[in-house]
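*Asks:* Straight out of Swiss-Prot:
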DISULFID  3-15  disulfide bond
DISULFID  4-13  disulfide bond
DISULFID  9-16  disulfide bond
C-alpha cells in the first residue's frame, strides 16, 4: 500500500499494524 511506503496510514488501511 502507498500509505505503508510513505510512512503514514490512510483510513481503511491496516498497514500501521503490519
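Quick reminder: no glycine exception, Cβ is built from N, Cα and C everywhere.
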*Asks:* Do you know offhand how many angstrom separate residue 15 (disulfide bond) and residue 9 (disulfide bond) by C-alpha?
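*Replies:* For residue 15 (disulfide bond) versus residue 9 (disulfide bond), the Cα atoms are 6 Å apart.
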*Asks:* Counting every protein chain present, what is the number of Cβ atoms, excluding its own, within 10 Å of the Cβ of residue 13 (disulfide bond)?
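*Replies:* Residue 13 (disulfide bond): 14 neighbouring Cβ atoms within 10 Å.
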